[in-house]
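J.: When I checked TrEMBL for this same protein, it listed these features:
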REGION    B:1-26  region 'Disordered'
DOMAIN    B:37-539  domain 'Cytochrome oxidase subunit I profile'
TRANSMEM  B:48-68  transmembrane segment
TRANSMEM  B:88-116  transmembrane segment
TRANSMEM  B:128-148  transmembrane segment
TRANSMEM  B:168-193  transmembrane segment
TRANSMEM  B:213-237  transmembrane segment
TRANSMEM  B:257-281  transmembrane segment
TRANSMEM  B:293-314  transmembrane segment
TRANSMEM  B:326-344  transmembrane segment
TRANSMEM  B:364-385  transmembrane segment
TRANSMEM  B:397-423  transmembrane segment
TRANSMEM  B:435-456  transmembrane segment
TRANSMEM  B:476-503  transmembrane segment
Amino acid sequence: MQSNAAAPAHPAGVPPVPQVAAHFASLDVQQHAARLGMWLFLATEILLFAGLFVIYANYRFMFHDGFAAASRHLDLMLGTVNTIVLITSSFTAAMAVHYAKEAKNKMVVVMFVLTILMALGFLVIKYFEYSHKFHVGQLPGPYFSDPNPELQVAGVPMYYAIYFLSTGLHGFHVVIGMIVLGWITIKANRNEFSGRNYTAVELGSMYWHLVDLVWIFLFPMLYLI
Amino acid sequence: MSPSSSAEAVPGAVPAPDEHHEHHPSYLVDGTTVKSWLLTLDHKRIGVMYLIWVLLFFLIGGTYALVVRLELLTPGPTIIDAMTYNRAFTMHGVVMIFLFMIPAIPGAFGNFMLPLMLGAKDVAFPRLNLLSLYLLLIGAVIAIWGMINGGMDTGWTFYTPYSTHTTTTVAPILFGAFIIGFSSIATGLNFIVTTHTMRAPGITWFKMPLFVWAMYATACIQVLATPVLGLVLLLVVGEQLFHFGIFDPARGGDPVLFQHLFWFYSHPAVYIMVLPSFGVMSEIVAAFSRKNIFGYRAVAFSSLGIAFVGFFAWGHHMFVSGQSTFNAGVFAVLTMLVGVFTAIKVFNWVGTVYKGAVDFKTPFAYFCGFLYFTVFGGMTGVAFATASLDVPWHDTYFVVAHFHFIMVGATIMAFMAAIHYWFPKMFGKMYHEGWGLVSAALIILGFNATFIPQFLLGNAGMPRRYYEYPERFQTLNVASTAGASLLALGFIVSAIYLVYALVYGEKAAANPWNSKGYEWLTESPPPTHNFVGPQPIYTEEPHFYVDPQKAEEPHAV
């Protein structure tokens, strides 16, 4: 990964030979190190969200009725559509790795552009969900003002606090993922990837799978149960 | 033995310098512009920059400590008002823990020594390494900005719901700590990947120096625990700004949940602070006893054992939080397990010194202090793990004295020992041995004089963090402040002769201690790419001190 940034733009059809950074013994070692580093980083991300899951479990236990009532007021339809969109985007991201290994940089660009568009679609749907909640006053903690009698149960404002914290943190990761994938798309557009050099595509794709994975936990936790 | 004999003892480790006639400048002079330092990707320069910064943070944290000690000279107000006092002890804790204890040894010595000990040219991700230094500095600047513009009066533990309601500036300091957490994760991640992928041919897992094992275990804790702290700090900032009520009982929140999440990081963080010290000391005890380390594998595995068990011990901070008796019992036993792994190390160090040819140099003096602080601090830790004893001692000066003994005492001893042991390697100069011993004696005596009175104060019932106290506690408080002055004097003395040595010290040989660690197989100071010539191949173990004339049979592991 280190060496790629310095790789020059390559106009011809042949992808450039990857550079091995001076401190690595070989390209294999360099790619192994990059992969291991990414796995460790993803572990830290999962632990970050794990803290939120612990908080959710704790308050679900304390305010069972309030959480059940509030969860019924989420838009299950929009949540399901978003889940499908995100899982499909994870598929296109995986396909990008497949094409990068075959040095089909054009297809890598196509797949990542599709992924980014679906990420954008996810955020747009999220925006409609959020604005609806802002409109009816289903807001965290002291800002909660929905007069609906079904929601006048202890723990409902806490539920919305956790809802906005966890989906907000996830949305932030979506934005970061779009930036990362965009940067790799530019590199693919310069025809940089080949069977010997696809680490950046692989790692970017791994990050996107994490964003998807976290949502697969958040969706049942917030919408379904 | 001459210094060069160590190179012969490991065939093929380092080509003799005269084989290569081209000039290899040391990392210190390879590029002298400011930019060549600030934007360097060389792990050794990054290590030196870490050293400079953590020393500055140590000075800041130490100054706050002296302010607190001076204030407590008399029972009533002495030099500052109560609010300033609260801010002073909070900032003492925050600066010392997040900006000195956690980054000090991994940042300065881990960065410098880990690649050398693995025969690598650099860490796996040099840019991430530089980034982690700058994240530390950005976090420090934000935290110190908050400190100057209002300060914080919560204590370094940021306990909710107080921390979400106090009018002092909590948010920037917590945000600073959050960014420092990123720095810690980046360093840990880098070290784990380096250890896995960058070992030179011949360095199997069980030929790694024990310092590397300790850094590896530390890195595992950094990577696994810090994200949880990051989340909880973000939530407290959110609470402060938006009053969501996650930790606020008035809104249905649970402040004990904050304590669980906070200590899930902060108890393992204790081992982020002491495990590197254990690693440093394993190197030093072997080098200055002239003996192979006793029980290499036991020492290596006990580091991982401490890292593992450390994750299951956080509940002992909550014995008085309304936790059930059953939970208290479980956490008490799990906490005591840490003592078992630590004892394995202590017995092995003592076993190493036994019948060794002890060379009582400054690093070994610090080792003696370290052994004493670790055993004393560790034993009081086992006492604290006993839930029934924790109740009367809870939040008294006994706690303060205990964690200063084990965390600060052990870490400071290891930090000073590491500076003295590796000073010739890092800077290629020798310091004055006599002054080294004088300052070691001052620091060890000063430390005892500061904190033994605090054990007595805590046992007599003086609570921690109080601005005023009854008359009967004054004698011991004066003794403690006097000890703190002695401690400060010790550090000033060592600062003077070390800076003097940096400028006027005589040139150090490649291996002035006749040490067998891999880092001594290159020049002092090392060239930019660590080793002259091709990558070294290691055939011996890192602590192979057995005299070949005396021991014909294979050495014990």
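A Cβ is built for glycine as well, from the same backbone N, Cα and C atoms used for every other residue.
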J.: Thinking of Cβ pairs under 8 Å, which stretch from B:88-116, B:168-193, B:293-314, B:397-423 has the most of them with the transmembrane segment (B:257-281)?
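T.: It is B:397-423, which has the most Cβ pairs under 8 Å.
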J.: Other than its close neighbours in sequence, what residues sit by the transmembrane segment (B:48-68), given a CB gap under 8 Å and a spacing of at least six beyond its ends?
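T.: Same-chain contacts beyond the ends: 37, 79-80, 85, 88-89, 91-92, 95-96, 99-100, 103-104, 107-109, 111-112, 133, 136-137, 140, 144, 419, 426, 484-485, 488, 491.
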J.: Using a cut-off of under 8 Å between C-beta atoms, tell me which stretch among B:168-193, B:293-314, B:326-344, B:364-385, B:435-456 contacts the transmembrane segment (B:213-237) the most.
T.: B:168-193
J.: Go through B:128-148, B:168-193, B:293-314, B:326-344, B:364-385 and flag the stretch with the largest number of C-beta pairs under 8 Å relative to the transmembrane segment (B:88-116).
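T.: Answer is B:168-193, with the largest number of Cβ pairs below 8 Å.
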J.: Which whole-number mean pLDDT does the model give the domain 'Cytochrome oxidase subunit I profile' (B:37-539)?
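T.: Looking only at the domain 'Cytochrome oxidase subunit I profile' (B:37-539), pLDDT averages out to 94.
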J.: Other than its close neighbours in sequence, what residues sit by the transmembrane segment (B:397-423), given a CB gap under 8 Å and a spacing of at least six beyond its ends?
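T.: For the transmembrane segment (B:397-423), the nonlocal Cβ contacts are 51, 96, 101, 104-105, 108-109, 112-113, 270, 273-274, 276-278, 280-281, 283-284, 287, 361-363, 366-367, 369-370, 373-374, 376-378, 380-381, 384, 429-431, 436, 440, 443-444, 447, 450-452, 454-455, 457-459, 462-464, 494, 498, 501, 508, 513, 519.
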J.: Near the transmembrane segment (B:293-314), which same-chain residues lie under 8 Å Cβ to Cβ, leaving out any that are not at least 6 residues past its ends?
T.: 206, 208, 210, 213-214, 216-218, 220-221, 224-225, 260, 263-264, 266-268, 270-271, 275, 278-279, 282, 285-286, 331, 334-335, 337-338, 341-342, 344-345, 348-349, 351-352, 354, 385, 541, 543, 557
J.: In the same chain, who gets a Cβ under 8 Å from the transmembrane segment (B:326-344) while lying at least 6 residues past its ends?
T.: 271, 295, 298-299, 302, 305-306, 309-310, 312-316, 318-319, 374, 378, 381-382, 384-387
